[in-house]
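Colleague: I have a structure I would like to understand better, so I am pasting it below and will then ask my questions one at a time.
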Amino acid sequence: MYLVTYLCFHRTGNHRSKTSLLKMSKRRFSESISPSPEPSPASATASASASASAQVPAPKRRRMRRQRQQRQNRQYLSIDPPPPEDYYYQSSSPISATTTTPVVSSPIPPPPLSSPPPPPPLPTPPPPQQPPSPAAPPLPPRRNPRYRRILPKQTATPSTSTSTSATTTNHTTHPPEPTPRPPKKGSKIHPYLHRILNHLRTPLHALVSSTTGHEHPDFPRSLLQYNLLTSEQLDRLAVHFHQVHPPVRGTFWYPVLIVPWLKRDHGTYVNRVVDGKEEVGLEVKRRRFGRFIGLRGCEESSSSGNERRRRGRRRARARAREREREREEMVNGGRGEVEEGEVREEYEEEETAEEMVARMEREWFEAMMRARYEGEYAMRWKMGRG
């Protein structure tokens, strides 16, 4: 009969009625084969709720399921977590059929009942001191508690004396600042060694020749190599960069010129000799070459500066004597007495600020024109068009 009904509905094409009748036929067929006992009230209630939920639309079922989960999880949203003993009691007690939401203890303690104050405690005598027993020391506290997610974290309190704790209670505790390590007594390392090494590692960019455009293999690549240059290397560098006497065509094509210490003698360059020995030493050569490549602090030494000032004073005295001699000749030649203003103007050689600014501007303009001409001439000469 059920099969005939199923075939009739299959012919009509009503899919929903067909599916429900198929389920009903399967259920009745299974009950006829193995009849089940009478359902319990709980199972009847569950089946009724299941059938009711099956009839409820899907969005409403999801909302009801979410509300049911929220009611079940509400016990975990309490303020105070349950103590570990509750877990033991809950695991040992049988699970009841109906679960109820546990009562959450209020975080605010109840007000104390009005009762007479207790009598003050009587002073008890201190216990007699017993000699230390040779028992084993107590075990250290466990670092990893079993209920690490339930029990609060224990803050490590440093063991200090009573006087220290009494003095530090009134002040805020700060973490100890790291103190620098004192130098070892037996250490022979200079305190500025690392700073000096970093300074000597400073790289230097190589210069090129103004005529060939090539670098020299002896050019220092760092300050350490510069301080280790020998006298022969400095001579080769001076010849490569045309810093010789007499000057050649490429001598003036560099931004800085230095006093040469090499002179041309029968086709080769040799050091200048004064009183049977070289005019300049290794330190002077290194200082002049450092000034040529643009290093700081490589100016002339104080002795050479004093010599230059002495030469300037000698030239000034010679000009003053020559001027005095010309004035005497003019007086003896019949001109008569020279006016005081003219003599004062002759002796006044210092220029004013305006004259100095004008002179500096004129010299700067001349230097720029000379550099432009020399640069174009050097480029034409390098390209073979000069």
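Every residue, even glycine, has its Cβ placed from backbone N, Cα and C.
Sharing the feature lines straight out of TrEMBL:
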- 28-189: region 'Disordered' (REGION)
- 31-58: compositional bias 'Low complexity' (COMPBIAS)
- 59-71: compositional bias 'Basic residues' (COMPBIAS)
- 90-106: compositional bias 'Low complexity' (COMPBIAS)
- 107-142: compositional bias 'Pro residues' (COMPBIAS)
- 155-173: compositional bias 'Low complexity' (COMPBIAS)
- 299-354: region 'Disordered' (REGION)
- 308-318: compositional bias 'Basic residues' (COMPBIAS)
- 319-330: compositional bias 'Basic and acidic residues' (COMPBIAS)
- 339-354: compositional bias 'Acidic residues' (COMPBIAS)
Colleague: With DSSP helix as H/G/I and strand as E/B, how many residues of the compositional bias 'Basic and acidic residues' (319-330) fall in helix, strand and coil?
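Modeller: Counts, helix then strand then coil: 12 helix, 0 strand, 0 coil.
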Colleague: Using DSSP, tally how many residues of the compositional bias 'Basic residues' (59-71) sit in helix, strand and coil.
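Modeller: Residue counts in helix, strand and coil order: 13 helix, 0 strand, 0 coil.
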